[in-house]
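Novice: Encoded as structure tokens, here's the structure I'll be asking about.
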Amino acid sequence: MQIKRPYLVELFTALALLLAPFVLPHLGFSPSTINRILIWGLFGLGFDILFGYTGLLSFGQSAFYGTGGMFAAYLLTEAGFPYVMLSIVIGAVVAGVVGYLVGLIALKRTGIYFAMITVAIAEVFFFAEFNPLSAYTGGENGLPGVPTPVFNLGFTVLKFDTDWTMYTFLAFWYFVGIVIALRIVRSPVGAILSAIRDNPLRASALGHNIHGYKLTAFVVAAIYAGFAGGLLATMQGFMPPDAFMFDTSGQLVMQTAIGGAGTLFGPLIGATVWLYLSDFFQNVLHLGPTWKLVLGIVFVLLVVFLRRGIVGAIDDLYRMARSDRKNTAEPVAASSEAKAAAVEAMPARRRDGAQTSGPILQATGLTKRYGGLAANSDIDFSVDHGEMRGIIGPNGAGKSTFFKMLTCEVEPSAGKIVFEGRDITGMGVTDVCQLGLTKSYQINQLFDRLTVRRNLMIAALGETRGKFKLDLFKSIRSVPGLEDQVERTAALVNLTARLDTPVSELAYGEKRRLEIGLALATSPSLLLLDEPLAGMSPSERVETVALLKSIARGRTMIIIDHDMDSLFELVGKVTVLQEGRVLVEGTPAEIKTNAKVQEAYLGGVHGEVA
Amino acid sequence: MSRNLKSGWTRREALRASAGFAGAAMLPVMPTVVWADDKPAIGTWPAGSEGDTVNVAAAVPLTGSYAVQGADELKGWELAVEHINTGHELMKAIAPKVDKGLLGKQVKLLSADSAAKPNNAVQSEQTFINDNKIVMMTGSTSSAVAVALNKFAQREKILYLAGISGSNDTTGKDCVRYGFRQNFFGQTAAAAIGPVLLKQFGKGKKAAFMTPDYTYGHTVTKSVNDYLTANGGWEMVTNQVSPLGTQDYSQYLTNIANSGAEFLINVNWGRDAVLSTQQAKQFGLLPKMTLVIPYQIPFLAKEVGPDITEGVFAATDFWWTQEDQYPLAKQFVEAFQAKYGYRPEWGAENSYVSFAHWARMVSEAGSFYPPDVIKQYEKGETIPSLLGDVHYRPEDHQCIRPVVIVRGKAKKDMKNDEDFWEVLEVVPGEGLMQKPDEFGCQLGDYT
Amino acid sequence: MPASDRIIINLGTGSGVINWANFISQCFNGLVTGALLALISSGLTIIYGTLGVLNLAHGAMFMLGGYAGWVTYTYTDSFLAAVVAGSLFVMLVGVVMERLVIRHFYTRPHEDQLLVTFGLGIVFVETVRFFFGSLSQTVPPPGPLVGITDLGFMIYPTYRLALLGIVAVALLTLYFVLYRTRIGMIVRAGIEDSVMVDSLGINVYKVFMLVFGIGAMAAGFAGIVNAPVVSIAPDVGEAILVQTFVVVVIGGVGSFPGAVIGGLIAGEIISITTMFNPAYSQIMLFVAMTLVLVLRPHGLLGQAGRE
């Protein structure tokens, strides 16, 4: 979002908030409706970070909205606490704490199960508000009599007790909210959140503790919700019990969808449309009970025809207009020239005290059984520092399973893996990546909705930041060395010209190169490549082989591939797997002439020895 | 700058300009319009009553569990507004100074769907205050909405007339200076139906309660149970509390079937009451047990049919066959039936009467200025209603009005297809009321 | 206001009736409640299992079944005709809905599918309200099933007893269709692997349309056979939908046997909790679901990768 002028969005928001009271009333918005829109918008900022950016669809936001608001309202009414703003902040903090606890349970699951746990938790909260806690929350009556904020600045007292003064109060907080949200989205954490949305598997394989980041997003959303709940209480002087209802969550989801998820402004725009139309149908058109039918039809049409909501549609139009211009101005240069050799690869990560000779990876007795079926049995395998090792074997020989065990994606049924002198058996893929061992995948695992630059950044961030860091407010562009690493990696895999292209628009060969680039950008000391040449044209293969050669310096690599000519050209030693066991190991020359290998391939399904 | 924007500022400027509001006068001094020394601008006054029309607004459920009762209430208000604007004789009988409008202005009714949710109701009313400068608001089919709007009325300084609201709290601990309730409620229902039950069935009976899980339900159950245990030695053998919107009552009814109760006292409301009653019949609990409905639900009999309501005891605000005793009731039933094609139930009656009373107060006070109107109510004058003379109690703004005890007719005894209930007794209101301070009412300020 | 004032007003959460006779009664009642939930849920789950679409309009389908049946009943006075009409009408609605809307959402994100079906649900409910109003409508049970039956340990409405049988037959029929017919094989294969079905040269779109129709019909059928128990109103599906989801999740999303077991478990939880404390019956269902999910990631009988 707005890379060149970083504060443009903030500026426009401030301007829009200033102009709104002079423009919107002429369009038929009443001040209280505008105030409600702001509260929904602020509520939605947190939800959009959770849903639009991190891809976690929660139907339980009402729990936090209600908790924050109810807590603040309780302090201000029943407990007689006099500070309105402080109460709202305390309410938001409480909502955040509750969000943390709920997140610990809900985030154990994904997809529909996650959504359902959030529904269940919201129902439990609603019940608690209504029943066991009704002595504090007023049960179905809610808590009336919440005061409006008053600030004594010494020389003057600011009171926010009319609709328009309340507007300035809410607009101020919406502005603070959007500034914070934009910072989060533009921070390294923001980048990782969008990586989790697009491909959680790869995000964790690149060394990010995705559970920690999801929990972060969940807590952020809960804090926003709690804060908005407090604002609702003071805005209408009444904390309603319906804030806890499923309908509140449902309305938030619908408004976000109408406005456009993943845009931050979507919920605000969605609320504007929703509240305006419901007012319009009831008070102008006098539809009576039919208003909901008409609104339902409008909603269905919006979902069917605007895939990314209103903000998304505007964004698409803008992009379309821009790329039309671009296309005519500079046709995409199809450079097939291999420039890779000219660029120096990133050095492999060096940890203090790490040896630089002898075996970097040792596997002993590695076995994986799926039910009664053994994919790998009793593999002993060792690779030395700086080695280039090839692994071949007929289809079904267990090569990919073997790789998955080495990168700790699957846990071995038996055996032990030692990497740089450390036993990594049973560790997670994230930790192993942090140690400097990673893999490029046989089937591309990219972040499809993001640009090439973003993809590489996310990979590089794993190394520069460790597996979890809460630098929520740091600009991603101020991470030292990140830009450099991204550009060097891009040059290496020949994608410099495509840096700002979304992955979904790349050609297949380019995606394959990016797949390698992602693994490379983590600066691994041991890089595993699962069929890097698969599906490439002969000229692309030549290019990629050159690329692999250039990145091999100072790095250990293990490569699986079926293209034996290319593989034999690259590697110093080859391990042949058959039926989940090591058949033979040796130099390419030895392997070519080995009788067992000949037999394995000729007798096997695919005669792939060239 | 918009009209709204301007008036928002003016209201405050006017506030601070008046000597009586030093506490609120915190903003930098600006030249202002001063209305009248003794009547500073308040709420939507005077902006709301400056034109030829004054607006009033209702927030009622048109969708959801209470939609049936909400739609009916709305009709009562529509009819009342029509009668005010045309100077109908029934309206003039209750509010003599109404003459084709109120203080020379036409009244316009606005409405919005609250879905029986307090937040939606407050939201709609707030919009009406801003956009339409309403001088009075109404609406509720549940006490949660009534209480929320009560408090909102006090804050915004706009009069609020409760719609259907059975909780003691509405004119009890959640009462406000700006809120008024015409209809009967849990306490009076219990005090009215209790003696009838004791008279009919004697002492020492076992009763099972079905209570919806919110304040209205709990207060009505408590009021009825307290009366029956204290005065008749009845025993509550079980209290089946169910959430609003329950569809299947079989578990609760199974409990009741195994509880040894002789009476089923059903406090559920709206669609919940319809379903729980129908299913009690399916389970054979009715007519084995005697059904009592302490707070009658409009259209219940129409929905469940006379097979179920036969012999059922209920307390209500009004039943249309009272037209035989009360001439005003007759006029009302006829006018309503002519306009809507069916006979009104008590939701519409409450709507109509509370509007008529408001029209009377405004026209007697000669002003829309809210404190004047409130003080007119608080004089406690005896005024007509559809069921004879009533008055509003100044201490809690509750109308002291009779409670009607009815018993369901058998199908064969019905004279027409809406003749579901037979009126057993009209219990005068005075004796039914708790002491004014018993439920903790603190009315709050006029301004 | 001191908190204690409020506590006095809130009479607490009601009281249960705890004795053995009631326990047996409640267990039986839970079976009947659960069977109906199982039927509705199985419709939802086979649609999800095959098409990957979570149909939030499923509650509205249930409601439509009731109304279609009721309209038929008012013209024909025949309960059987009402059941047939209710089921077929909703199947038709399902097929049309799949053809016109859902089909365009297979390639779109799950959230979009949720949103569009949610929106369609609102449209169905409000359309019915537009034509028939909010007043409850009743379809009486067929003559021989009116009244109550003494089971020895309790008396029970005869129609509800019959309902247990009717639902059991419907579930068996569904089982037969899914496990013993060619179309069922294809559907189940689709649940396992829709790409495979595609590559077998079967017209998946036709299958999808049919599955959507069958799933919707299960809801519509349940809607009309339930109408004599719970009188119909436009909002009747809303409460059912949430319970149905809980059932599907407990049983494992996409699993037909899971939906049946989940339904029965849910019915028993509701009933037995009511025996102890009526106010907690609905909430216990959610607590149970959360527990199941924390202990078993994919519900009781679900498979990985189906969420």
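Glycine is treated like the rest: Cβ placed from N, Cα and C.
Got these off TrEMBL a minute ago, pasting:
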DOMAIN    A:361-604  domain 'ABC transporter'
TRANSMEM  A:6-25  transmembrane segment
TRANSMEM  A:37-60  transmembrane segment
TRANSMEM  A:80-103  transmembrane segment
TRANSMEM  A:110-128  transmembrane segment
TRANSMEM  A:164-185  transmembrane segment
TRANSMEM  A:212-232  transmembrane segment
TRANSMEM  A:252-277  transmembrane segment
TRANSMEM  A:289-306  transmembrane segment
Novice: Rank A:6-25, A:37-60, A:110-128, A:212-232, A:289-306 by Cβ pairs under 8 Å to the transmembrane segment (A:80-103) and hand me the top one.
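Specialist: Looking only at A:6-25, A:37-60, A:110-128, A:212-232, A:289-306, the most contacts with the transmembrane segment (A:80-103) come from A:212-232.
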Novice: Among A:6-25, A:110-128, A:252-277, point out the range having the most Cβ pairs under 8 angstroms from the transmembrane segment (A:37-60).
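Specialist: Looking at each of A:6-25, A:110-128, A:252-277 in turn, the most contacts to the transmembrane segment (A:37-60) are made by A:252-277.
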Novice: Mind checking which residues reach the transmembrane segment (A:110-128)? Cβ under 8 Å, same chain, six or more beyond either end.
Specialist: 56-63, 66-67, 102, 200, 241, 244-246, 249
Novice: Restricting to CB pairs under 8 Å, which listed stretch, A:6-25, A:164-185, A:212-232, is in contact most with the transmembrane segment (A:252-277)?
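Specialist: Stretch with the highest Cβ contact count: A:164-185.
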Novice: Need one number: mean pLDDT over the domain 'ABC transporter' (A:361-604).
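Specialist: In the predicted model, the domain 'ABC transporter' (A:361-604) has a mean pLDDT of 89.
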Novice: Any residues 6+ beyond the ends of the transmembrane segment (A:212-232) with a Cβ under 8 Å from its own?
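Specialist: For the transmembrane segment (A:212-232), the sequence-distant neighbours (Cβ-Cβ under 8 Å, at least 6 residues beyond its ends) are 39-40, 42-43, 45-47, 49-50, 53-54, 56, 58, 61, 64-73, 87-89, 91-96, 98-100, 102-104, 106-107, 170, 173, 177, 181, 184, 189, 192-193, 196, 239-240, 243, 467-468, 470, 472.
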Novice: Near the transmembrane segment (A:6-25), which same-chain residues lie under 8 Å Cβ to Cβ, leaving out any that are not at least 6 residues past its ends?
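Specialist: Here the qualifying positions are 31, 34, 164, 167, 171, 174-175, 178-179, 182, 186, 475.
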